[in-house]
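In TrEMBL this protein carries:
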type   : residues  : note
DOMAIN : A:78-156  : domain 'Acyl-CoA dehydrogenase/oxidase N-terminal'
DOMAIN : A:161-269 : domain 'Acyl-CoA oxidase/dehydrogenase middle'
DOMAIN : A:281-445 : domain 'Acyl-CoA dehydrogenase/oxidase C-terminal'
DOMAIN : A:461-587 : domain 'Acetyl-CoA dehydrogenase-like C-terminal'
Number of protein chains: 2
Amino acid sequence: MPSYNAPIDDMQFVLHDLLKITERDVPGYAELDRDFTAAILEEAGKVARDVLAPLNMVGDSQGCRLENGVVRTPDGFREAFDTVREGGWTAIDAGEEFGGQGLPYVMHTAVNEPFVSANMAFNMYQGLTHGAYTAILAHGSEAQKALYLPRLASCEWTGTMNLTEPHCGTDLGLMRTKAEPQDDGSYKITGQKIFISSGDHDMADNIVHLVLAKIPGGPEGTKGISLFIVPKVLHDEEGKLGARNAVSVGKLEEKMGIHGNSTCVMNYDGATGWLLGEAHKGMRAMFTMMNEARMGVGLQGFAQGEAAYQAALAYAKDRLQGRAVTGPANPEGPADPLIVHPDIRRNLMDMKSFAEGARALTYWGATLIDASHRSGDADSEALVSLLTPVIKGFLTDKGFEMATAAQQVYGGHGYIEEWGMSQFARDARITMIYEGANGIQALDLVGRKLAANGGKTVMGFFEMVKTFCAENKENETLSSGFIEPLKAASKDLQAAGMFFMQNGMKTPNAALAGSYDFMHMMGHVTLGLMWAQMAKAAAEALEAGTGNRDFYEAKIATGRYYMARHLPATKMHLARIESGAEPVMALAEEAF
Amino acid sequence: MPSYNAPIDDMQFVLHDLLKITERDVPGYAELDRDFTAAILEEAGKVARDVLAPLNMVGDSQGCRLENGVVRTPDGFREAFDTVREGGWTAIDAGEEFGGQGLPYVMHTAVNEPFVSANMAFNMYQGLTHGAYTAILAHGSEAQKALYLPRLASCEWTGTMNLTEPHCGTDLGLMRTKAEPQDDGSYKITGQKIFISSGDHDMADNIVHLVLAKIPGGPEGTKGISLFIVPKVLHDEEGKLGARNAVSVGKLEEKMGIHGNSTCVMNYDGATGWLLGEAHKGMRAMFTMMNEARMGVGLQGFAQGEAAYQAALAYAKDRLQGRAVTGPANPEGPADPLIVHPDIRRNLMDMKSFAEGARALTYWGATLIDASHRSGDADSEALVSLLTPVIKGFLTDKGFEMATAAQQVYGGHGYIEEWGMSQFARDARITMIYEGANGIQALDLVGRKLAANGGKTVMGFFEMVKTFCAENKENETLSSGFIEPLKAASKDLQAAGMFFMQNGMKTPNAALAGSYDFMHMMGHVTLGLMWAQMAKAAAEALEAGTGNRDFYEAKIATGRYYMARHLPATKMHLARIESGAEPVMALAEEAF
């Protein structure tokens, strides 16, 4: 069974050396000094390593079971959930008035990483609950907040999100679920929702379903969608539980992975629900949660990759096979460890350089969310909105690639379930699909985010990269292998943006045909920026003589690898984009 | 359940328009005219569609079971195997003297494609048997041939390959299985072999295990390895079955995919075996089968991709979601089909252009094998040896990518097992690993094949591309979107080869660190050459006014897509290769 250890040193490096969080002017950040965050992250790492990771393969092999209409979770999940609750890990960033710890979102993100790496399927029960908490916090009435938030913060009750229906996923305008107003101010919800993660289980007293539905007579399409709170068990105003609501599990899906999480078909048969926020403004309510939810999925992508990488690294150091081409590295043994072989190294360096870059990007994104929510900083809000599809789409594509690459290090054993490597790939696969399939992320980026604020936000991002390059071109570390590749990649990205501007108006397909490539290009440029900033921070630490020299030197070398071997991808993506819509759209539908 | 139809038109196009097989000076090719091959391929397509494809998900969900030491195959497999046997499909290219049809290997390859697309796990029972047939044909005594070949050709008995042991896969020099000579000329085989595909099952009277083992006292390492025939059931010289041999199934592996095939741990406990070929020459005997075996795995890669593509295409035409950005394509319906969206198109075109290119490359490779085996043409033998790691490594990487991309078209449904898309990805995943993991293919290509014949073969390949470009630069079709990209990509490939030559001698790691990128570059150049040749053939057919104009026009448009959108990858790979060994090897082992 693969073991997992939270990469505390690297997490601390990102929070303090790179992001310098205590120096940021965001309420709540001043107290997040190195010792404070280390204490929290080390405890989280222990829970991940000792409680959650050992249940990862159990969850995969047992899966959830539907028994008499009730979902049973795998052995050990209930006890583990109690441990997580008791440790206060469900409410890191929940308000203190609702029983939370009131810490910034960046700490929720950092704590979440080891939990997701150790057991993604398990973590989703609390992840969806966090989403429901955020939605009710943003849109609930005072009474709804008082009733639900403390229970969701503690995970005494858990939450779900109900969007998709059998005939509509991305295109929610086709939705059929109905919400009929009742005299007492409640609604009767009727319809079927599918792909409901954590839809039912045996680990909490109640489940708060947030359900998108249409109130009859409202506007057509997405403008007529409202959001409802539909509890599994009805309750009074104090939360005292009563009768079962008319909501039931129609089916438990058999999936490629995340078997430990219950993915349900939910049937609403005149279930009682209450409006959350305004009528017909359900889509807007969903959108307010979207940056966080999509960032959370991006984190899942690289966190699965990180866990798979740790396993592959251990195997590469242990497994003896062949000899180094430069002469035996383990002359006493029958063969050398795999890690001596350049192609295995390439594979490990791909994973390592990606995971560390992705961590930096995700935590940075979390600080932007904090700046937006805690300081009301509109620029941070705009920037994180621009980056969100990149974090979701690029990090999950690459995270799955990492998990697949890690399998490859194991050779045939990577394909055998008992070694655990297949699970990482199977689990990671969903991150490219849910919370908006990655093609939709690319569409969001190119079709919506580039043009947001009249293009000011993306121009600001380009400017940020340019300024960084200009200001650091004399830096001895950065001038060797960082600044030039970043400038070149950024230039490619801007050229692609220019191509869209020049062609997108008269040929919208020209922009859309290149959207996926643009998302990946922007991913590389963003990670390139992260790496350049990390190398600078590492060089400063080396200069100051603080901390572990080996760590900082490895950081710089890993960054050089990413710049040398991954940034050249932008040339390929630009060439594809500049080939335009014609090759993509040339065939008539019948010609396929 | 995804349905599958053999792409007969495209298979025929490759055999006749592109490869012009009847015009090739290879014994047995003259009779392979359009009508003859169409008749065979259509029948094979029916078996694939009606018998094998319906059992694909059955095999996946039921898997094999080990009951009292015997493996039971999924429901319907026995009957299907009888159908395949009775149709003569197991012995397309087996000698007529052994009950086969004596057709060239290219026909075996073409017939195999729909079988693999429809049900890869099932096809492996006959695939491994084909491998055993080939090995005994090449290295067996006359008595061994007379005894085994007719039974293997008919699949009355099936075959296996036993190489890997728990502690050694790639590095067979570490092998521990022993073969002790007996007075009667037989050997007692003792040891454990793992990952034995089709290792046991209930579909044949006997199983012929080909086992690599060491005769005590022989040379160290791989030079002391011999190959043995070890039947599951002992038999007399006429093949009459007697007692069980001392070989048993230790375990049935739980795998990520190909559940319908039994992957066994095989225990040899003093089992009786007979030497196949010469003592200590087992590795050489294995190598003679390797080109075919690896080409067969390359075919599995793209054939799984093809099956997944067909399913994704059907879904993209059927599923209504969103509206075309250029205006409604299905104004009467509630939404447009997915296929109107440029990013879905991109995805479909990636799959289509890859599958068609891969088909051409694989069938071409098969004609080179025929030229080598049937005409003794050394140049063809050398060329196919060069291309084999590309066919295996590149086509399986891309085939898995296709299966993953096809899942993506289905959105959330792609992750749910009942839709069948997850299976394509899970099944395709093994092709990147077995028969030499793809990193080993890259090593074989760069470390061995480039230098073979003093580099003459690879120079000949470059020359072939160059000559084609020079001869066709005035061709109206090719001059628009084919010749220039192919020239540019080929130039990149040659630059990479030059880099290896200049740096590989003094820094062997410099070549090895770039080997994987080189394999992909060469894959793109090879597929680029295939596409340029196909476009030329299609243009000629259009000019001649023969056949289906729409088909030929779509062929040219699909080729333009591949050239415009995939050949630019060579620039990225070249940049990575030219960054050398330093970034890859910079970290000390402890610094990971």
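From the backbone N, Cα and C atoms, a Cβ is placed for every residue, glycine too.
TrEMBL annotations: computationally assigned, not manually curated.
In the domain 'Acetyl-CoA dehydrogenase-like C-terminal' (A:461-587), helix, strand and coil residues by DSSP number 100 helix, 0 strand, 27 coil. Look at the domain 'Acyl-CoA dehydrogenase/oxidase N-terminal' (A:78-156): DSSP puts its residues at 58 helix, 0 strand, 21 coil. Here the domain 'Acyl-CoA oxidase/dehydrogenase middle' (A:161-269) has, by DSSP, the following mix of helix, strand and coil residues: 7 helix, 56 strand, 46 coil.
Confidence over the domain 'Acyl-CoA dehydrogenase/oxidase N-terminal' (A:78-156), given as mean pLDDT on the 0 to 100 scale, stands at 97.
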